[in-house]
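Encoded as structure tokens, the structure appears first; notes follow it.
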Amino acid sequence: MVAGELVQEHLRLDNASEINIKTPVHNGAVPTGDQYSDLTNGAAHLTELDSKALEQEIPPDEKQAMLPGDEKCIETKLFWRRFAVLAVFSLYSLVNAFQWIQYSIITNIFAHFYNVSSDKIDWLSIVYMVAYVPLIFPATWLLDKKGLKLTALMGAGFNCVGAWVKCASVRPDLFGVTVIAQIICSVAQVFILGLPSRIASVWFGPKEVSTACATAVLGNQLGTAIGFLLPPVLVPNTVENIELMGHNISIMFYGTAVVSTALFILTVIVMEDRPPLPPSQAQAVLPDCAPEDYSYRQSIINLFKNKPFILLLISYGIMTGSFYSVSTLLNQMIMAFYENQELNAGRIGLTLVVAGMVGSIICGLWLDHTKTYKMTTLIVYILSFIGMVLFSFTLNLNTIYLVFFTAGVLGFFMTGYLPLGFEFGVEITYPESEGTSSGLLNAFAQIFGIIFTLIQGKLTTDYNPLVGNLFICVWIFLGIFLTALIKSELKRNNVNMGIDNKTLQAVTTKCLSDKPTNGAKMDTSVSFSQETSL
């Protein structure tokens, strides 16, 4: 959701395959998920240790975390397989995103081929958003209870099936079949969009986790970019020859199906739930799997009680929903001012997303280096608003090359924001499941995407694209204030940094709540430091 080459130098760690960080634990046995099941009813207190005591108890040449229950050491290690897992996921996420946008970017051509109105073609994009909202809860439950591999296989499998069903829909009277195929692909998306932060946390070390998440999101963005570029090239507007149009559509569908099948096979071979050893101390202190008394419902309740996360849900939904709406309606906006420019409409969409991919990588590298999540998110939000205003007021100046530039500026910040929201969400909700927090972020993005696409599409049709774009600008402006209100407590980073500096000890106590929680619930008495200052 291809991307590995863009960040290869940053992702590598010196002798990564041989990194072994020892963590002492008490009582003599290597901890397991069952041994840590009491964490679900307990609170992890972070207690500062006296420096002299640390010198006596902790060997100076090892990075250690005091974990309950053992005296043996837990190793943390980075495996080269993590790059294969990231690459395969990014690629099948790419294909899924391609299938989302391949109709919308040539709306006029598909509307002519199937003899339907343009708003029905818009629904082939909106169905991705509609399907996500009710299915995200069973999908995140599956991720938490059954693990990464099964969830990844579900995503790649539905993606493959949907692609082959599309191959059977290349006939003007089979619009219903192509709708069913797109619904299947939209179900696949539910098992894809929540995985970037899980893959990054479970497989990658603390110094590369943000970049890994950005790379996983980048695969999805690249798929959208290719979806903007290839359909106008593969399916030109041959209005006078409907058979040739159908042949071109068939080539696009069959090519997608073959690639989807190959990626499903690779997913079966490469994907694993987690590496043999945890990549970071933040992962080491969590259970290997959901304990028997794990409550998915309680995890959801915990997240909705987290006020900073609620603010992030709304602000992330606004920004990402705006991106979905602009992407879906881009063809109609361009065609309103530049006739017979289907190819350039696709290229403008490509520019928007590729610029966003660069922004994603830069933001990921920046976060890994500075850990300034709130500051970075707020700045990117403000610059996205400026980019949206520029795009809105330059669209009708009859200079298409200026539209390329403003679309690139908009994409750099708007699309670059996507991995920021994921990683920020994981930080302020740790130790809750990454899949659950990411799933809720995506659910809100889909809800806002549906609302924005329908309203902006109506405003664009009834008035003009400027009115629709100004509607989006107002909402992004509101999102700036919501982002500024988020209280930044970097819980996951504090665990990693505290352990690295040998100043924190993890101690479990009984939780006052009668109901179990997901993972190790942080007690309210813990005082987490704010963002790392520059």
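A Cβ is built for glycine as well, from the same backbone N, Cα and C atoms used for every other residue.
All TrEMBL annotations are machine predictions without curation.
Computed from a predicted structure; not experimentally measured.
Looking only at the domain 'Major facilitator superfamily (MFS) profile' (85-491), the predicted model's pLDDT averages out at 86. Per TrEMBL, the feature domain 'Major facilitator superfamily (MFS) profile' maps to 85-491.
According to TrEMBL, the feature transmembrane segment maps to 83-103 (among others). Packing against the transmembrane segment (83-103) from elsewhere in the chain are residues 1-4, 11, 110, 121, 124-125, 128, 152, 155-156, 159, 162-163, 166, 182, 185-186, 188-189, 192, 195-196, 199, 203, 212, 215-216, 218-224, 226-228, 230-231, 252, 256, 259-260, 263-264, 266-267, 270-272, 327-328, 349: each is 6 or more residues past its ends and has a CB under 8 Å from a CB in it.
The feature transmembrane segment is assigned by TrEMBL to 123-143 (among others). Beyond the ends of the transmembrane segment (123-143), by six or more residues, the same chain brings 100-101, 103-104, 110, 150-151, 154, 178-179, 182-183, 185-187, 189-191, 193-195, 198, 296, 300, 324, 327-328, 433, 435-436, 439-440, 442-443, 446-447, 449-450, 453-454 to within a C-beta distance below 8 angstroms of the stretch.
Among the features that TrEMBL reports, transmembrane segment is placed at 150-168 (among others).
Sequence annotations record features per position, and here TrEMBL assigns transmembrane segment to 174-197 (among others).
The transmembrane segment feature in TrEMBL is assigned to 209-231 (among others).
Residues or ranges marked as transmembrane segment by TrEMBL: 251-271 (among others).
Summarising the annotation, TrEMBL assigns transmembrane segment to 309-327 (among others).
Residues or ranges marked as transmembrane segment by TrEMBL: 347-366 (among others). Below 8 angstroms of C-beta separation, residues 6-7, 10, 101, 105, 210-215, 217-218, 221-222, 224-229, 326-327, 330, 334, 372, 376, 380, 400, 403-404, 407-420, 423 of the same chain, each at least six residues beyond the ends of the transmembrane segment (347-366), sit close to that stretch.
Look at TrEMBL and you will find 378-395 (among others) tagged as transmembrane segment.
Residues or ranges marked as transmembrane segment by TrEMBL: 401-420 (among others).
As annotated by TrEMBL, transmembrane segment applies to 440-460 (among others).
Taken from TrEMBL, the feature transmembrane segment applies to 466-486 (among others). Long-range contacts of the transmembrane segment (466-486) within the same chain, counting only residues at least 6 positions beyond its ends with a Cβ under 8 Å from a Cβ of the stretch, are 308, 311-312, 314-315, 318-319, 322, 325-326, 329, 333, 374, 377-378, 381-382, 384-385, 388-389, 391-393, 395-396, 424, 428, 452, 455-457, 459-460.
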Proximity verdict for the transmembrane segment (309-327) and the transmembrane segment (150-168), three or more C-beta pairs under 8 Å: no
The transmembrane segment (378-395) vs the transmembrane segment (401-420): 3 or more CB pairs under 8 Å: yes
Remote residues contacting the transmembrane segment (174-197) - C-beta distance under 8 A, at least 6 residues beyond either end: 1, 89, 92-93, 96, 99-100, 103, 114-116, 120, 123-124, 127-128, 130-132, 135-136, 139-140, 142-143, 148, 151-152, 154-159, 161-163, 165-166, 168, 213, 216-217, 220, 419, 422-423, 425-426, 434-435, 437-439, 442
Positions on the same chain near the transmembrane segment (150-168), where near means CB under 8 A and six or more residues out: 89, 92-93, 95-96, 99, 139, 142-143, 174, 177-178, 180-185, 187-192, 195, 250, 253-254, 256-257, 260-261, 263-264, 267-268, 271, 435
